[in-house]
Amino acid sequence: MASSLLVLAAATLTLGLVQGQADMNSSTTFWKLSFDQKVLNIAQFLAGNIDTTKQLLEIAKSLRWLEQGTNGQLPGDAILPMVLDALPGVLGSNYIKGAVFLVLDEINRTRVDNVTQEVLFNATIDKIKPYNAPVYSQLFNDTLLKLTMLYKANNFNLIRAVNRYINQISARDLLFETSANLTVNPQCYSDTMDFFDAVVGARVNNDPNNVDLEHYFWAFKMLDSFGKPSGGIMKGAVHFVGSFDECGEVQAYLPNNSSFMFGQHPHNYTTRYDTRFCRVTFDLPDSVSESFNVDTRGITLRLNWGMCFPDSCHSDDVAAMFHLGKLQPYNISVHNVFCGEEDDLEDDPSAIVALFLLATLLGVVVLCTLLEAAVIFYNNNFAPSASSTNSTIEDPDNETHSIEKETVYVNQAFEPDSDKERYANLSGMEPSTSKQTGDAVLPVSYVHHREEPPVFKDGLPPSSNLSRAHVQQKHSPPPSYAKAVTGRSQHEMGVPKLVKAFSLLTNMPKVLSGSKSPKAIHCLHGIRFFSLMWVVLGHTYNYGVISVVDNPTTVNLVDADAIFHRFTFQGIMAAGFAVDTFFLLSGLLVTWLSLRDMAKKNGVGYWVMFYFHRFWRLTPIYMIVLMTFTCLHTYLGGGPLWPEELGTATNCKKYWWTNFLYVNNLVHDDEACMGWTWYLANDMQFYWITPVFILALFYVAPLGLAMVIGLLAVGIVCAAYYEYDNGGDIFTMHESDSKYWDQVYIVPWCRVGAYAVGMLLGYIFHKVKQTTLNMSTAVIGWLVTWGVGLTLCYITYTERKTGAEEWDRWIETLYESVGRPLWAACVAWIIFACHNNRGGFINSILSWEGFLPLSRLTYAAYLVHPIVMMLHAYSKRALYYIDDFDMVYLFLGHSAVTYFTAFLFSLVAEAPALAVEKLVFRLH
């Protein structure tokens, strides 16, 4: 009944307002009357229609609030009176009045075609028949008019009406400032309101269906750059990215023209501005987050919306806009706003210094490369041949030695009893293969691509009194060397060693060399490479894809949660064991090579160089990468996903010294600089205490073994204690109350167990000569290794599969404390079996010479791989979609770019630093 009355009221009101003309542009209509005339016409209509007026009065009497005493309960029949009670206030609004008049005008504009007019005419005749009224009587005319208006009311252009209504309102009328503490800076407010008004008012001749793209295209382009909802919201697609680049291309302009009316506001000033992209993050109600039914493991789900604002606006201004005017009552919860500011290099002294140092280093490398190339070109084309030298030995290191010298081959690969083995690479991530001659052990890093004997005329200096047979018997190099490098030393005559230290012509062959020594542990290269690939695979899901607390980059986070519960994914989640492999390798190499070294050299000088070489081996490239990442990361990427602050980089400006001193896993670890370098700090700390154990192993072996086993026990006990006390694992460490990361995962006393296993293996290698293992022993060893290793990787499925119960704390403790040393023991067996001729096809794969250059780059690759991942993730213009194929493709891409970047840093930083050390400390 009430709805019928409302329709009747609207129809009768319409009837009184219409003057019978359809086109208001060609006649005087109600729409063109003044406000007073409109009111007068309505009053006259009501006075002339007593019945309708009485009905409206009855409606007005029923407009009252519910009687008190209902205790807040709303009976079903009370809803309609409550709605009707609100109508007077609603109809008193200027916005509603404007809407009513506009709708009436649109109804009046609606044309009736001839066919419809005939239908309405016949319907009118049918309606007046009961009254016996003649056609064209007053009753007929009134009835026809009512039916015509009802038809028009049901068929007017609603979209056009809405469009026209919006054009009458300015954004300033809706988003007005309401509080002094919520103000937006005036220029930002004015520019933003002009943008909204330009989108709404961009019409040709006020025609709502004719958009003026010629003058207002920038406004639509700016609007188009806003993020928009996509499919898959229930799968976690709550990040409306937007178009970062389109926003940056907008150049807004509105001329000073008072005829431009935005609502009731003339545009009597010039608007001109550029734009900036902002990411607004809104808090979601808990009910929304819970509806996804997904364990986010500490990552809070929030709605991220990319928007485009004038460049006069900053983050605080944008946040305040969501509390202006009509938006204020809704209390929109804005968690954070980040508007990308374009960095000015001129105002960034740290970036300027970093660029200067990098440019200087690169310039030195280029200059030295050109100098060596020039010398080689000269020697090839203009220098006298080696045969003209009758009494000297020509040395590729630009030294001249007489035959009377005890050491004939001075490229140091053939020096008898060389002391260089004490400088062998001792880190788990560094290549351990050495060039060996007799007992001399030389790291690949220190020798050229090919070992070069001196060049003799006919193989023997003419001035020598020694017989050819005597020289060949005592000092002759292998024939392969004599054949391979007969001419190269001549070509390099006159190249200073310092120039060669920085030259790409020297360093590239060293890095890319695939030659191996027969006595080296060849399988270490493959183990090192595959371990790093395992780390990269695990971090592919971590850096920039899933484990991002405030800036998600994944479109289907719900699907990602399902992946975690799969059996096959447990192998990827177990990538943390790869770090224990590196600890094992480090303990193995430092113990084995140091024990061999101590048999020949010992003393204070030896131990000073023991520490210095280690520091110099790791630090130069480490600090160069740190400087580059810290000072230049904001210039290396950008986009809609770029974080407001990349803490792992910005923290370095305050705490870089913790990395330099290798204590970043213990000091300010909550604000870590390059957080993944906790491994380097642990490895260095293990290295600091190693001499105590090596001395004991060398002089009192039983005591030394007891000390190493004790160190292993300390690692297991500490890991058990802190894990039981704190709980958690790498799967849940992002949860707010988790202390697993800083109390268990990165502290040396919980991770030393694998290193101790490596020391035990190093002692075994020192004491037990290389041989062929008994077949039964090998079979049992391999079966146990495979069984234990696979169990450690996949037993977590019993806890992580869908519907599984969490492990008891004691099971977590056992897995965390014993699992890592057990994994190290499994890898130790693989190394031992492969080195003792029981590796089979596994040894063939791991010992492939192609892994040797990749193994050399492992350290540099570990340093740069998270940087590569973050720059890629945060510079994307679209979200990641997580599925197996895309993630494999992403992993392969990360691996390739990581190794290429590592190769560049190795050439300009790592190899020159090692060569300079070689020059400073002559290893004789």
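Note that Cβ sites are derived from N, Cα and C of the backbone, with glycine treated the same way.
Curation does not apply to TrEMBL; its annotations are automatic.
Annotated features in TrEMBL:
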- 185-341: domain 'Nose resistant-to-fluoxetine protein N-terminal' (DOMAIN)
- 453-489: region 'Disordered' (REGION)
- 1-20: signal peptide (SIGNAL)
- 352-378: transmembrane segment (TRANSMEM)
- 529-549: transmembrane segment (TRANSMEM)
- 569-595: transmembrane segment (TRANSMEM)
- 615-636: transmembrane segment (TRANSMEM)
- 684-700: transmembrane segment (TRANSMEM)
- 744-765: transmembrane segment (TRANSMEM)
- 777-797: transmembrane segment (TRANSMEM)
- 817-836: transmembrane segment (TRANSMEM)
- 857-875: transmembrane segment (TRANSMEM)
- 887-909: transmembrane segment (TRANSMEM)
Give residue numbers and ranges for long-range contacts of the transmembrane segment (529-549): same chain, 6 or more residues beyond its ends, CB-CB under 8 A. 298-300, 429, 557, 560, 572-573, 575-579, 581-582, 643, 676, 734, 846, 851, 854-855, 858, 861-862, 865-866, 869-870, 872-874, 880, 882, 887, 890-891, 894-895, 898
Six or more residues out from either end of the transmembrane segment (817-836), which same-chain residues have a Cβ under 8 Å from its Cβ atoms? 521-524, 527, 577, 580-581, 583-584, 588, 712, 715-717, 719-720, 723, 751, 753-754, 756-758, 760-761, 764-765, 770-773, 778, 781-782, 784-785, 788-789, 792, 842-843, 846-847
Tell me, please, if the transmembrane segment (777-797) and the transmembrane segment (615-636) are in contact, taking contact as 3+ Cβ pairs under 8 Å between residues separated by 6 or more positions? no
State the mean pLDDT for the domain 'Nose resistant-to-fluoxetine protein N-terminal' (185-341). 83
